[in-house]
Amino acid sequence: MAAVEAGLVPAMSAPEDAARDAPEAAGAGPEAPLLPAGNRLSLHLHPGGCRRLLRLCAQQAPQLLEVDFLQLSGYEDPQLLEAALARLPWSLPHLRSLVLKGGQRRDALGACLRGSLTTLPASLSGLARLAHLDLSFNSLETLPACVPQMRGLDALLLSRNCLAELPAALGALPSLSFLTVTHNRLRTLPPALGALSSLQRLDLSGNLLEALPPEIGDLGSLAELNLASNRLQSLPGSFAGLRALQLCILHSNLLASVPASLARLPLLTRLDLRDNQLRDVPPELLDAPFVRLQGNPLGRPPPDPPSPPGTPMVPEMPRLLLTSDLDSFAVTPQGCSVTLACGVRLQFPAGATAAPVTVRYRLWLPEPRLVPLGPHDALLSGVLELQPHGVAFQQEVGLWLLFVPPRARRCREVVVRTLSDDSWSDLETHLEEEAPQRLWAHCQVPHFSWFLVVSRPMSDACLVPPEGALLCSSGHAGVRVTFPAGATEEPRRVRMQVVHVGRRELPALLGEPEAAASPLLCLSQSGPSSFLRPVTVQLPLPPGVTGLSLDRSCLHLLHRAAPVATWDDITAQVALELTHLYARFQVTHFSWYWLWYTTKTCVGGLARKAWERLRLHRVNLIALQRRRDPEQVLLQCLPRNKVDATLRRLLERYRGPEPSDTVEMFEGEKFFAAFERGIDIDADRPDCVGGRVCFVFYSHLKNLKEVYVTTALDRQARAVRGQVSFYRGEVPEVVPEEAEAARQKRGTAALWMATLPIKLPRLRGCEGPARGAGLSLAPLNLGDAETGFLTQSNLLNVARRLGPDWPAVALHLGLPYRELQRIRHEFRDDLDGQICHMLFSWAERQAGQPGAVGRLVQALEQSDRRDVAEEVRAVLELGRRKYQEGLQHTSLAPRNLASPDRSPSPSPEPAQT
């Protein structure tokens, strides 16, 4: 990076004054600017960069003739900037890359500010060797006329400007291979765009395009096309001419149909059609493995016909389709419909807010402190946080959360659970089908907080007045509770949950074929703990048992008083009234009740085991290594019924040992994986403690993590045969050694669950002991303590994940195309060297610059590497959390009362309605 430091420079009144006074200032001794280092001149980090450039040009330093890269800030004074740019064709004749980006500064809400650039001087067309031009994050409303005259341009970046159209003259750039005009205001495209015969990558996402010209099919070299988040309603038939197309992204549009010819493009490997209006898709596309169709109303009836003439027109509600690089949006009193990239929809009716409100959202990874679950609940989604917390809307806001429905749905229901007034409650929820295996959970919310989707046993509730009431179960006929008159002085709300019990569960546990149990009944209430008069509870007799033939000595009524986990036999303490099908008894306070029929006499301990068995999931643990990269290890905990299908899908890319033996786990149970026998995790991760990977098991989520491993042993001499072991609970302060772990395996309360082998093959030939071993990487920290750091180890982990996608990431980071070619040449036949050099050289140039980590995350997402972007976000969140904890520990900052860490600890009982 060029070091340009000239001290304080007197203010110039106009570009002419700057050019006239430059020689005198250049000779002012200690204030003279230093010459560029090498062939790069980066003046965007220094105040007054244009003044420094003018003074360098006035000196006519011979080193300027060698400069092929120039970067200036987009926040310069427009007159100074125009004067400086006008000198470039004569002062920097060999310039190949010119970067004039904004976006480095942020407003009070953290949003990137556009630069002040609105035009370019006509003389820039004289830069005959210019191959890379980056004008992103500026205020361009029209494309400067000099740009189409730069016939040598290879890459043109115009993202995040205010362009409403592109000129037809743009089609006269014969060498242009990369064009990005994302997040502008384009409504149409010029037909001349089809004349760009060399164009390979075209990104027009985030605009207002409603149609495409047929000439787009003439782009015979186009390999990647991104038209996401526009308003396209159809595609031209000329799409069949894109014979080189490999990646086509069309999600978040209004497409009602797509041509079948897309399926016949010979090189197409991914077609993203999510979140459109497709009701019917050609069979060739419907069955293609590379097509993504989620979020389309496939198979649904068409909408209602338009209203007849003369009917008053209702203004259409604004519709927002947010990409993953945005975490906030504005809501006006007009209302709007919002679709978030994380699988969430929001609908704000007109008048929901009296004034504009900025809404922020975040999807948290589920963990016990954020997920309040009852004993028989199951989590179906991540945790969505919407801010501002607690602000009441004048009309309720519609919320849709996407989830995969559970396979076992008998006597269960799906609800949205939220935090309100320091307690969790379940909202009235309606289900809408989005696809055969994907549903929307829809509810109305009066204010914002945390939200998650939960599957729970069927629940019924009622308000009991002093006159009495009858509460019946909607899921189990015969389960009912009768409240006599005078049972309560004030109305109180009562709730009933009934848990289905399989016929085989109890006989298998007791070893008694004739044993049986009724449904498990949970009763809860608000107000005083006891009723004034006894309440009658009716339960069906266990399956296969009737009141005429049963042996009363074998019938046991079991009772559990929360939060104690023990069960008591209260048969002798109540008067059981038996009919042919039911048993009735009276109680004065509510708890859990269970009716058993067994010849066993002491059943309290057995009931506790049976209750735990109902809540346990039988799972298998897998550890697979990627075939192309054995250092990448996939760890996953799967319910037993999903193992075979998951392995069939993974074994094309992974290989490894057979899954572990079946183990049993509770919903929300913590466990961790420890690599042993010479193998360690290769990078710092937010989910690692002492080199152990932490998990939380949720039966309907993926429970999957991919990590990179390394070893200190010599892999050039022999392969390293290690292992990974899985243990229950949180990571202890001292993890037991292998001998101790082996001894624990024999105990009934052992923490060890499974051990699977991991093998790192021997390195042969010129392979080094580790990736990038020949690189000399300077230690650095990218970011800051408050927003989070990325250390050298974190960046190495990012580099190892990029693979052949690194050029796309580099271009989105703003690296000139010429630099990419230089890196490829310098590290030819060394992919890891190319990636590490690119990433670390970029990181070194960002030292002390705000927003660098955010630009890296944005570049990863724009390059379709959201997996790596999510890992970076997790690392930053861990750093921010530790930073805040450190401030709180030293009493330098108040504790955030709105933080999930301070949310009430979840009760072991189901959430109250």
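Just so you know, glycine gets a Cβ as well, placed from its N, Cα and C.
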Checking feature assignment: region 'Disordered' per TrEMBL, candidates 14-33, 274-293, 414-433, 654-673. Which range matches?
14-33
Taking just the CA atoms, what is the gap between Ser591 (active site) and Ser449 (active site) in Å?
30
Tertiary neighbours of His447 (active site) (same chain, Cβ under 8 Å, six or more apart):
His389, Gly390, Val391, Ala392, Phe393, Ser420
Quick one: pull the CA-CA distance for Ser449 (active site) versus His589 (active site), whole Å only.
33
DSSP on the domain 'Death' (791-876): how many residues come out helix, how many strand, how many coil?
68 helix, 1 strand, 17 coil
List, in sequence order, the same-chain residues at least six positions removed whose CB sits under 8 Å from that of His589 (active site)?
Ser529, Ser530, Phe531
Tell me the residue counts in helix, strand and coil for the domain 'ZU5' (325-457), as DSSP assigns them.
0 helix, 74 strand, 59 coil
